[in-house]
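Features as listed in TrEMBL:
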- F117, A118, V119, Y122, D207, V208, D209: UDP-N-acetyl-alpha-D-galactosamine binding site (BINDING)
- D207, D209: Mn(2+) binding site (BINDING)
- E299: active site, nucleophile (ACT_SITE)
Amino acid sequence: MFFPCKKTCILLVIFGLVIWYLYLHDVLKRWGSLVISNTAEIMVLPERPCRTRDLDMASSEIENRLSYKQPSVLVGRTDVVAVTPWLAPIVWEKTFNVELIDDIYKRINPTIAITVFAVGKYVKFVQDFLETAEKHFMVSFNVRYYVFTDQPHKIPSVKLNEGRYLHVKNISGSTRWQEISARRMEFIQKAIESNIGKEADYIFCLDVDSKFKDRWGAETLDRLVAVIHPGYYESDRKQFPYERRSASLAYIPMDQGDYYYGGAVFGGRVEYVYNLTKKCRKAFEKDKENSIEAAWQEESHLNRYLLYNKPTKVLSPEYLWQDFKDRTKEAQVIRFSGVIKNYKEIRPNK
Ligand SMILES: CC(=O)N[C@H]1[C@@H](OP(=O)(O)OP(=O)(O)OC[C@H]2O[C@@H](n3ccc(=O)[nH]c3=O)[C@H](O)[C@@H]2O)O[C@H](CO)[C@H](O)[C@@H]1O
Ligand SMILES: [Mn+2]
């Protein structure tokens, strides 16, 4: 009689311990995500939508196995400025060491997402975009391409290297190119909520009418990343094509502005880009309610956002060139460039 009772008691205690462990585990998990959202301040989604792996230089073990050239304090590029007044790097050729930067970022083994939109006739750019990305974009890193299109059956199957995946997302088309371009903010925001937030650490949102021509690597990774438009890096801020009507939420007064950022390239850690797309989308939609469309659609809203939310890394025009533009002496390498296109033939409207 006594023996079975003891057995039952032991079983009950084990059962109780398991329940207690599961409860504690759940509480700690919730507490963990709460702490993350408090410190980051920008986590506005429920249930940790984004992965939180990040580069923490201080805690990453730097092994001595990599031997590289001594960095100089006195010798470097003098023909360009390689840092913003808020101390964010401006990435130019010969301002970073490829092996060193790759080695540092390989330690966190990040996944990098690319979003591109191919609506209407722009599907014809996808093949070259993907093929050149396979050659130059984040080679030997994990990459996920997200192609948004109204014609999934027209997306070519391009041979991808190991660790690289293609996701095709079906979206509706539009009769206005301005709307296609601007609504990218909305689609990217939604895609981060639904899956990119869980599938990638960093994201770059790029124009599809472009090709990679040289290395685009880990030197571009940071929290919030923007590119200096190749057409305006020598211009006075008064000449920047910012939205100048105060009725628009993209408004920037004549005496303000840092750089003119291109709408064809922005990126960073997924949660930072999530915030950017959410804000730009909202501003664009609010303008629409007030019957105003910014001069350069989402590019204008992007410029306004980045004026008040400074990028933590700025890419030089090497990362956004245009094929019709001759290379200048500052741009020693052209890494990504817009192809020449016939606007009349390719866009659904003027
Ligand atoms: C180099 C650069 O900074 N480019 C920007 C510039 O003009 P762009 O002349 O580069 O704009 P664009 O015609 O390439 O349109 C931007 C993107 O929208 C997509 N698209 C557009 C039309 C269409 O019918 N189907 C389609 O899929 C496609 O991914 C394209 O790359 O100003 C636009 C403002 O609206 C965007 O900010 C672009 O990023
Ligand atoms: Mn373009």
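The backbone N, Cα and C atoms fix where each Cβ goes, glycine too.
A TrEMBL annotation is a machine prediction, not a hand-curated record.
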Next item on the list: Using the centroid of the Cβ atoms of F117, A118, V119, Y122, D207, V208, D209 as reference, list every other same-chain residue with Cβ within 8 Å of it (recorded UDP-N-acetyl-alpha-D-galactosamine site), in sequence order.
Entry: V116, V123, F125, V126, I180
Notebook entry, point to check: Should we count any of the recorded positions Y122, D209, E299 as near ligand 2, judged by a CB under 6 A from one of its atoms, and which?
Noted result: D209
Notebook entry, point to check: Once the chains shown are all counted, how many other Cβ atoms turn up within 10 Å of the Cβ of Y122 (UDP-N-acetyl-alpha-D-galactosamine binding site)?
Noted result: 23
Margin query: Counting Cβ atoms within 10 Å of each candidate's own Cβ, which of the recorded positions D207, D209, E299 comes out highest?
Written below: E299
Check: Hey, how far is Y122 (UDP-N-acetyl-alpha-D-galactosamine binding site) from the residue listed as 'active site, nucleophile', Cα to Cα, in Å?
Finding: 19
Check: Just how many other Cβ atoms lie inside 10 Å of the Cβ on F117 (UDP-N-acetyl-alpha-D-galactosamine binding site)?
Finding: 24
Check: In terms of Cα spacing, which of the binding-site residues V119, D207, V208, D209 are within 10 angstroms of the residue listed as 'active site, nucleophile'?
Finding: none
Next item on the list: Return the maximum Cα to Cα distance in Å (whole number) over the record's UDP-N-acetyl-alpha-D-galactosamine-binding residues: F117, A118, V119, Y122, D207, V208, D209.
Entry: 12
